[in-house]
Amino acid sequence: MSESNSVSVQQMLDRSCWVCFATDEDDRTAEWVRPCRCRGSTKWVHQACLQRWVDEKQRGNSTARVACPQCNAEYLIVFPNLGPVVYVLDLADRLISKACPFAAAGIMVGSIYWTAVTYGAVTVMQVVGHKEGLDVMERADPLFLLIGLPTIPVVLILGKMIRWEDYVLRLWRKYSNKLQILNSIFPGIGCPVPRVPAEANPLADHVSATRILCGALVFPTIATIVGKLMFSTVNSNLQRTILGGIAFVAIKGAFKVYFKQQQYLRQAHRKILDSQEPEPEEV
């Protein structure tokens, strides 16, 4: 019995902190702790050293769990009992921290929704006319306005995502030899090409999302301007804007089809030249 006690006393005298590597002889007043199942040189550690190490691992989150880096045993960390006031404040702080992400998401969604409602109302007044648009919205059901107005930018964006020019271009390339008038409008559209170039994936374009968004939201303004320039004799604001939008989409689509066809032909007639460097002399 005395031998086992002497061995345990000797082990305690040989204690070494695995954080700072100090022993009992270096600091006899330090508080020691054995927080895990480790044996040997990693069994003991200073309370102050372990507290600093736990602070580094938790990084300000006092509820985070910390384990021993050697045996992976979780440290048993206890705190003094809180008073009722501090307990209520701590509970309120944790509840607020958990609720803030949901509140931020709700605020973001609400902001986007009311922005869409405002944009829809402005678009109605722009397309129909300021006075006529206000009269229409005043007579409409509020629930219909809250649902219908924010769908206006959504419909515009979805409509902008339809790449109808690509479908028209594929059909023209396929049936252009049967319609000779297309060759006069778009030169080279029906001519055979030496190779079929690889076309870029439209989803891989990082600018496409911003272009779709901006183009869709600006479209009512452009349709109104084009309608006033090309169809000034039409008295109805709505009809003039619709005609302006159709004309703009058709003209823009024709130019886009022509531009893509020329790019297609340019890639199809691409050649790789011989190297201009002199060949090495044979030894």
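Going from the start of the chain as shown, residues are counted 1 onward.
Cβ from N, Cα, C; glycine included.
The feature zinc finger is assigned by Swiss-Prot to 9-78, with sequence analysis given as support. Taken from Swiss-Prot, the feature Zn(2+) 1 binding site covers C17, C20, H46, C49. The Zn(2+) 2 binding site feature in Swiss-Prot is assigned to C36, C38, C68, C71. Look at Swiss-Prot and you will find 102-122, 142-162, 212-232, 241-261 tagged as transmembrane segment, backed by sequence analysis.
Cα of C71 (Zn(2+) 2 binding site) to Cα of C17 (Zn(2+) 1 binding site): a distance of 16 Å. Sequence-distant contacts of the transmembrane segment (142-162), counting only residues of its own chain at least 6 positions beyond either end whose CB sits under 8 Å from a CB of the stretch, comprise 113, 116-117, 119-121, 123-124, 212-213, 215-217, 219-220.
The Cβ of C38 (Zn(2+) 2 binding site) has C68, Q70, C71, A73 as same-chain neighbours under 8 Å, each 6 or more residues away in sequence.
Same-chain residues with CB within 8 A of the center of the C36, C38, C68, C71 CB atoms, the Zn(2+) 2 site residues themselves not counted, are P35, R37, T42, P69, Q70, N72, A73. Sorting the zinc finger (9-78) by DSSP state (H, G, I as helix; E, B as strand; all else coil) yields 20 helix, 8 strand, 42 coil.
Sequence-distant neighbours of H46 (Zn(2+) 1 binding site) (same chain, six or more apart, CB under 8 Å from its CB) are C17, V19, C20, A22, D27, A30, E31, W32, V33, listed in sequence order.
Counting in whole angstrom, C49 (Zn(2+) 1 binding site) lies 15 from C36 (Zn(2+) 2 binding site) by their C-alpha atoms.
Annotated Zn(2+) 1 site C17, C20, H46, C49; additional same-chain residues within 8 Å of its Cβ mean position, judged by their own Cβ, are W18, V19, F21, A22, A30, V45, A48, L50. Between the binding-site residues C20, C49, C68, C71, the minimum number of other C-beta atoms within 10 Å of a residue's C-beta occurs at C71.
Per-residue pLDDT, averaged over the zinc finger (9-78), rounds to 83.
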